Amino acid sequence: MTTQDVIVNDQNDQKQCSNDVIFRSRLPDIYIPNHLPLHDYIFENISEFAAKPCLINGPTGEVYTYADVHVTSRKLAAGLHNLGVKQHDVVMILLPNSPEVVLTFLAASFIGAITTSANPFFTPAEISKQAKASAAKLIVTQSRYVDKIKNLQNDGVLIVTTDSDAIPENCLRFSELTQSEEPRVDSIPEKISPEDVVALPFSSGTTGLPKGVMLTHKGLVTSVAQQVDGENPNLYFNRDDVILCVLPMFHIYALNSIMLCSLRVGATILIMPKFEITLLLEQIQRCKVTVAMVVPPIVLAIAKSPETEKYDLSSVRMVKSGAAPLGKELEDAISAKFPNAKLGQGYGMTEAGPVLAMSLGFAKEPFPVKSGACGTVVRNAEMKILDPDTGDSLPRNKPGEICIRGNQIMKGYLNDPLATASTIDKDGWLHTGDVGFIDDDDELFIVDRLKELIKYKGFQVAPAELESLLIGHPEINDVAVVAMKEEDAGEVPVAFVVRSKDSNISEDEIKQFVSKQVVFYKRINKVFFTDSIPKAPSGKILRKDLRARLANGLMN
């Protein structure tokens, strides 16, 4: 529903009134126990499913029950504490997807510590920068990555490796820490405040330098509850579900919407360390995956792969995509591959914890939804759309900057009050930098990012719109559209295109394909053919890398 709220701000003893158009979920608000520490909330109902499979290690087939995960994470918490990791200390996870990611995150939470996760394929300099910025005291990793971080030992950073074989010199063995006396963990932490930070992901840096995002116990409890709690949860997971986790767990989407949401409801998580299309399809068939949480590059690979015809994918009842909008053509293609699945999207950003909106088609009692929509605002939260030029809130069907307010958003950026103040205003609204609108049925549609909009002679051109058209062409495997400087127009849209296998589609053919479907100022000016589109682990296109190619004359 939408309400016209009169908001009164007291500034210098002068009251000022303004009408804000605020959007809320079509689902009713629910009670959220966000006074609890995250681990207590996650395991609140564990007695009901302690013997049930919790984690399946895809490569090995090893299964951990909920009781195994609970006990082992508590023992690991005691082991970390014995090494000197205290409340508010930071533990870095430098691992591919594995059960140890789950165990380490929960163990840190138990002792009031904070986890920051980094991509193990980062360069040594990138890892070092994050470790130092977060003041990491201990790093959990695999032996093959130790060379990247061993210089940090000079600063007193401890390194724990998860390998079962021989470990590098001066490193500790993960398995030894999990054999510590488990009951001692109860007396370890001081009282954990709901406002204490529990996770410190670093934002993708697609519009600036990476910054530590402080997510609290209260924030993550709220975010998980907004998704999976209540009589009619927005994201209906159940204890019989097998949830696919192929998205990187060092990204907040997998950490929250897959790992934490699954643990809360007692579902089984199938953990896969990397995406490989044939292996993915084999595991879906073998483990009878019911929920596939994906991002557009994976959707694209599945939709365009002939391998899918060889496997039984009928167990999948839900396919949820996030990180970037899907076009209708891609939605239709993936629906054909998963005939029994509901397909929908969610919308989030790290700073929002991360979920702002989610398809109500995923609810236990689903609502009708439209193709291309990114869902409706989550319950127990508020959303508004602002005019980027005037700052006024906008009514339905008017595109503007998306803003969100609620207990789930970040506490702020680590050691960066200026960046925090420019993102969260004095009234608690988080400004996303994304452009979208809410229609007559409360559904959110993303237009693009403010800074990614192309300005052609004053006209705004949204890259996502053109990408959606282009990806529907059968001879195009992947695409990204960015702005290129042009003296007359200011900026013109250009496309980086990955041809489909055996395709020889030309630049002129692509231009004509688009020109027939858009107004004159949205026409593609140039096409550059490339082997791949650079993307962040979250699936978002790294447009700044493509703009750098243009600036350096390295288009092809």
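The backbone N, Cα and C atoms fix where each Cβ goes, and this holds for glycine too.
Per Swiss-Prot, the feature ATP binding site maps to Ser203, Ser204, Gly205, Thr206, Thr207, Lys211, Gln345, Gly346, Thr350, Asp434, Arg449, Lys540. Look at Gln345 (ATP binding site): DSSP puts it in a strand. Other Cβ atoms within 10 Å of the Cβ of Gln345 (ATP binding site) number 28 in total over all chains.
Under the three-state DSSP scheme, Tyr253 ((E)-4-coumaroyl-AMP binding site) falls in the helix class. Feature annotation from Swiss-Prot assigns (E)-4-coumaroyl-AMP binding site to Tyr253, Ser257, Ala323, Gln345, Gly346, Thr350, Met358, Lys451, Lys455.
For Lys274 (CoA binding site), the same-chain residues 6+ apart in sequence whose C-beta sits under 8 angstroms from its C-beta are Pro96, Asn97, Val246. The feature CoA binding site is assigned by Swiss-Prot to Lys274, Lys457, Gly458, with similarity to another entry given as support.
According to Swiss-Prot, the N-acetylthreonine annotation covers Thr2.
Per-residue pLDDT, averaged across the region 'SBD1' (276-345), gives 88. What Swiss-Prot records for 276-345 is region 'SBD1'.
As annotated by Swiss-Prot, region 'SBD2' applies to 346-413.
Nearest in space to Met358 ((E)-4-coumaroyl-AMP binding site), taking C-alpha to C-alpha distance over the binding-site residues Ser203, Gln345, Arg449, Lys457, is Gln345. Tyr253 ((E)-4-coumaroyl-AMP binding site) and Thr350 (ATP binding site) are 8 Å apart (CA-CA, integer value). DSSP assigns Thr350 (ATP binding site) to a helix. Put plainly, the binding-site residues Arg449, Lys455, Lys457 were compared by Cβ crowding within 10 Å, and the winner is Arg449. In this structure, the CA atom of Arg449 (ATP binding site) is 13 Å away from the CA atom of Lys455 ((E)-4-coumaroyl-AMP binding site). A distance of 37 Å separates the Cα atom of Tyr253 ((E)-4-coumaroyl-AMP binding site) from that of Lys457 (CoA binding site). Packing around Met358 ((E)-4-coumaroyl-AMP binding site) is summarised by its Cβ count: 28 other Cβ atoms lie within 10 angstroms of its Cβ, all protein chains included.
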